[in-house]
Amino acid sequence: MEPHLLGLLLGLLLGGTRVLAGYPIWWSLALGQQYTSLGSQPLLCGSIPGLVPKQLRFCRNYIEIMPSVAEGVKLGIQECQHQFRGRRWNCTTIDDSLAIFGPVLDKATRESAFVHAIASAGVAFAVTRSCAEGTSTICGCDSHHKGPPGEGWKWGGCSEDADFGVLVSREFADARENRPDARSAMNKHNNEAGRTTILDHMHLKCKCHGLSGSCEVKTCWWAQPDFRAIGDFLKDKYDSASEMVVEKHRESRGWVETLRAKYSLFKPPTERDLVYYENSPNFCEPNPETGSFGTRDRTCNVTSHGIDGCDLLCCGRGHNTRTEKRKEKCHCIFHWCCYVSCQECIRIYDVHTCK
């Protein structure tokens, strides 16, 4: 590991106690192999870090769906890393820390808004898919979509019960967001925005039946989209996220913080929009305080004028170029019937990395 990254990582780990105070550290279950077999080891609920009492009760009462919860968080993290692969902050995780994103999510930034939304959406998605696959006895197919068929098709297969997946995500992910402060309000809003995206993208999926693929009759069921579509949608919401301001109100239970759109001339955010109220760091240089790893040695696109281009990604520091040889399949030929044969070629590429 590069010395500057090693020093940063040590800073993040040693400063972890400060980070954990308001952090959903139960996300770390996505990185633990032990949680894939929760159904056969009920005592592991107590070993999941960061669970509040309500989450612990949920885990023990619905132990068989906890592997899906873990899989959903993992799915959300992977999608975050895909969506931000060309950004200065690329959704880096720290395997040896309970705060798996480091201090980055300590602030109420756009990045924090996106991660909460995609993680909550991931939990809803994975639980819904698991139920449709029959891996749990407490859920199954959606029984609501069995009404009159449409023209040329009939109901069949297993419609995915996204309402149940959303309910699980809401009960589990929102359990810790019960404080009367602005950060809890922000997290709950963005969690719900992620889950709403799942419901909004449900669609009919059909299979044709008939002689020679004539599709005389179609069997259809209610299905979730590919999770990539959810990530793409939420990434657009990240780019257009609404900046908020914090307001304090005196209520019977004490002071309560709420959020209000900062700019009254703009359309106020809906339940489908992401919200934030603190500015992001520029992520150009390593900084243990903000959790930034910097962009040194990151691969950049020399032909792009976007954020993944060498000018912006490297923050004006310039870039290095090296050549790299790669083995690739080439001159492929299709043989009847039915296989493809290829030769192996060596191709040379220019690789550009930030200084």
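A Cβ is built for glycine as well, from the same backbone N, Cα and C atoms used for every other residue.
Remember, it's a predicted structure, so these values are computed and weren't measured experimentally.
With a 10 A radius on its CB, Cys91 (disulfide bond) counts 21 other CB atoms from all the protein chains. Residues or ranges marked as disulfide bond by Swiss-Prot: Cys80-Cys91 (among others).
Residues annotated as disulfide bond in Swiss-Prot, with similarity to another entry given as evidence: Cys131-Cys139 (among others). Within its own chain, Cys139 (disulfide bond) has Ile65, Val127, Ser130, Cys131, Asp161, Phe164 as residues 6 or more apart in sequence whose C-beta sits under 8 angstroms from its own. Classification of Cys139 (disulfide bond) by DSSP places it in coil, neither helical nor stranded.
The disulfide bond annotation in Swiss-Prot covers Cys141-Cys158 (among others). Counting Cβ atoms from all protein chains shown, Cys158 (disulfide bond) has 16 others lying within 10 Å of its own Cβ. The DSSP secondary structure for Cys158 (disulfide bond) is coil.
The Cβ of Cys206 (disulfide bond) has 19 neighbouring Cβ atoms from other residues within 10 Å, across all protein chains displayed. Mapped onto three states, the DSSP output places Cys206 (disulfide bond) in strand. For Cys206-Cys220 (among others), the entry in Swiss-Prot reads disulfide bond, with the evidence type similarity to another entry.
The feature disulfide bond is assigned by Swiss-Prot to Cys208-Cys215 (among others), with similarity to another entry given as support. Listed in sequence order, Cys208, His209 are the same-chain residues six or more apart from Cys215 (disulfide bond) with CB atoms under 8 A from its CB.
Positions annotated as disulfide bond by Swiss-Prot: Cys284-Cys315 (among others). For Cys284 (disulfide bond), applying a Cβ distance below 8 Å and a minimum sequence separation of six or more within one chain yields Arg88, Ser292, Gly294, Thr295, Cys315.
Under DSSP, Cys310 (disulfide bond) is assigned to a helix (H, G or I) in the three-state scheme. Within 10 Å of the C-beta of Cys310 (disulfide bond) there are 23 other C-beta atoms, taking all protein chains into account. Among the features that Swiss-Prot reports, disulfide bond is placed at Cys300-Cys310 (among others), with the record citing similarity to another entry.
Cβ neighbours of Cys354 (disulfide bond) (same chain, under 8 Å, six or more residues apart in sequence): Thr295, Arg296, Asp297, Arg298, Cys300, Cys310, Leu313, Cys314, Cys315, Arg317, Gly318, His319, Asn320. Residues annotated as disulfide bond in Swiss-Prot, with similarity to another entry given as evidence: Cys314-Cys354 (among others).
For Cys330 (disulfide bond), the Cβ neighbour count at a 10 Å cut-off comes to 11, with all displayed protein chains included. Positions annotated as disulfide bond by Swiss-Prot, on the basis of similarity to another entry: Cys330-Cys345 (among others).
The annotation disulfide bond is assigned in Swiss-Prot to Cys332-Cys342 (among others) on the grounds of similarity to another entry. Non-local neighbourhood of Cys332 (disulfide bond): Val340, Ser341, Cys342, Gln343, each in the same chain, at least six residues away, with C-beta under 8 Å from its C-beta.
Under 8 Å, Cβ to Cβ, and six or more positions away along its own chain, Cys337 (disulfide bond) finds no residue. A coil conformation is recorded for Cys337 (disulfide bond) in the three-state DSSP classification, outside any helix or strand. Here Swiss-Prot flags Cys337-Cys338 (among others) as disulfide bond.
Within 10 Å of the C-beta of Asn90 (N-linked glycosylation site) we count 17 further C-beta atoms, all protein chains included. The N-linked glycosylation site annotation in Swiss-Prot covers Asn90 (among others).
Sequence-distant neighbours of Asn301 (N-linked glycosylation site) (same chain, 6+ apart, CB under 8 A from its CB) are Gly86, Asp308, Gly309, Cys310, Leu313, His352. DSSP classifies Asn301 (N-linked glycosylation site) as strand under the three-state reduction. The N-linked glycosylation site annotation in Swiss-Prot covers Asn301 (among others), and the record cites sequence analysis as its basis.
Summarising the annotation, Swiss-Prot assigns O-palmitoleoyl serine to Ser212.
According to Swiss-Prot, the feature signal peptide maps to 1-21.
When secondary structure is read from DSSP and collapsed to three states, Cys342 (disulfide bond) falls in the strand class. Within the set of disulfide-bonded residues Cys80, Cys91, Cys141, Cys206, Cys338, the entry lying nearest in space to Cys345 (disulfide bond) is Cys338 (CA atoms). Put simply, of the recorded positions Asn90, Cys220, Cys330, the one whose Cα is nearest the Cα of Cys141 (disulfide bond) is Cys220.
Cα to Cα, Cys338 (disulfide bond) and Cys220 (disulfide bond) are separated by 32 Å.
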